Amino acid sequence: MLGVIIGSLFVSFSLLFIKGSRSWSLVSVSCILFSFVSSLFFSSGRVVLSFFYIDNVSYPLIVLSSIIIFLCIMASFNIVGSNTNINGFLLSILTIGLSLYFCFLVNTLVGYFIFFESSVIPLLVLIARWGSQKERIQASFYFVFYTLVGSFPLIISLFSLYFIMDTSFMSFGSLVQVSHQNYSFSLISIWWLFSVIGFLVKLPIYGFHLWLPKAHVEAPVAGSMLLAALLLKLGGYGLIRISGFITSTLGYYVSTFCFWGSLVTSIICLRQTDLKALIAYSSVGHMSLVAGGVLLNTSWGVSGALMLMVAHGLISSCLFCLANLIYERSGSRTLKVTRGLKGLSVLMPSWWLLSCVFNLGLPPVPNFIGEIWVIISALSASVLYIVILGASLVYSSIYSLFIFQKTCTGFVPDFFLNISVFTPREHCLVILHLVPLILILGNPGICFC
């Protein structure tokens with residue numbers, strides 16, 4: 001554990017002194033090593049140091065973080081121009097990755113809050129400095145505003161816990177003990193509600209989502225990948241950690257709103273004309289389903305939510321990579337323009353098809369397994385959930401096929417005829433997203449809590 005932390009710090013600060021393309025090589029090799037070490041060293045149920053703990057919830061997310069950080073760097077080779085601060089770009093990505101490592105490892109609610117907020121600044125730098133459009137400043141403002149406002153309820157809950165427990169060391173295990181004390185139901189419910197609101201903004205679910213499409217659309221490809229694959233998962237991770245507090249009545253109300261939000265965002269996806277905005281709204285729908293599964297507070301619901309978090313982290317990152325490959329060649333994200341890929345490449349339409357199949361949750365992909373687990377949990381609570389969830393899954397399938405139909409079919413635009421061919425690096429980038437999803441099929445139990 002210390003080796004991973006010290007190695008990450010060494011690589012981050014060494015970027016300040018290395019110039020040219022050597023920094024890309026150093027970071028890429030280091031990320032590969034970190035991915036390998038994390039997959040071998042980290043084992044569930046293990047205490048490392050005094051403030052860090054790894055269990056079945058944090059383990060798959062740590063490995064996911066290692067993979068995504070490497071893929072972010074691999075996807076950004078064309079982003080950095082000759083006059084751009086390469087070291088600053090890589091330093092921002094590695095700082096976010098290090099914050100995420102600590103966030104998934106830390107054993108206290110205060111530590112989780114601190115490390116999550118520490119990842120906001122480098123992501124803000126990524127969006128504002130390396131965003132592709134003029135609206136990136138407005139997107140940065142939305143991102144910071146919603147993040148800070150969403151943090152206030154969580155801060156209030158932290159202070160209330162401090163006065164209740166009379167200590168600043170509030171481990172996740174001690175939170176469960178507090179729920180078993182003789183505190184009034186209204187006090188526990190108010191604390192739970194404030195905490196849940198803070199996590200739902202960070203997911204986000206429908207109603208708290210206005211910042212996400214703007215941030216995704218204006219962010220560089222690395223920023224979009226980090227947002228969709230990792231930072232959104234921090235909200236779900238926090239919900240899982242406080243799931244012991246969830247009361248049945250409050251949980252049913254909020255989970256119903258989350259499932260309804262998943263249906264609404266799936267319908268909104270069909271109205272989008274921007275490819276990245278469509279993928280961003282689909283992330284809102286999937287995260288709403290994750291929140292609903294956790295708030296039902298059953299083993300099936302939490303396990304399904306964790307499976308969806310891991311699977312969505314990989315497939316949403318892959319979709320943003322594919323969208324960026326089109327944008328780099330066409331200069332547009334409009335669905336009416338980005339079409340006809342089947343006339344330009346043999347493999348690229350196949351990657352789009354596989355990605356859309358994974359996104360819509362066709363059996364037996366991990367998304368399907370996670371959705372089935374959440375549905376089982378929901379039906380055990382109320383049979384009426386089948387109406388909302390069934391409609392949500394149908395619309396999810398429709399917009400996933402809509403993405404494939406818009407990007408890969410139709411006539412090839414004239415300006416597409418002179419674009420460069422897709423490189424082996426770009427094909428490898430997509431493969432490295434899809435291979436872990438296929439490997440999960442061999443052992444889906446790694447995401448069962």
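Cβ atoms here come from the backbone N, Cα and C positions, even for glycine.
Note that the coordinates shown come from a computational prediction; the quantities given were computed from them, not determined experimentally.
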Given ranges 24-45, 398-419, the stretch to which TrEMBL attaches the annotation transmembrane segment: 24-45
Folded-back contacts onto the transmembrane segment (143-165), same chain, C-beta under 8 angstroms, at least six residues removed: 109-110, 113, 117, 120, 123-124, 127, 174-175, 178, 183, 191, 194-195, 197-202, 204, 208, 210-211, 214-215
Taken over the domain 'NADH:ubiquinone oxidoreductase chain 4 N-terminal' (1-102), the model's mean pLDDT: 67
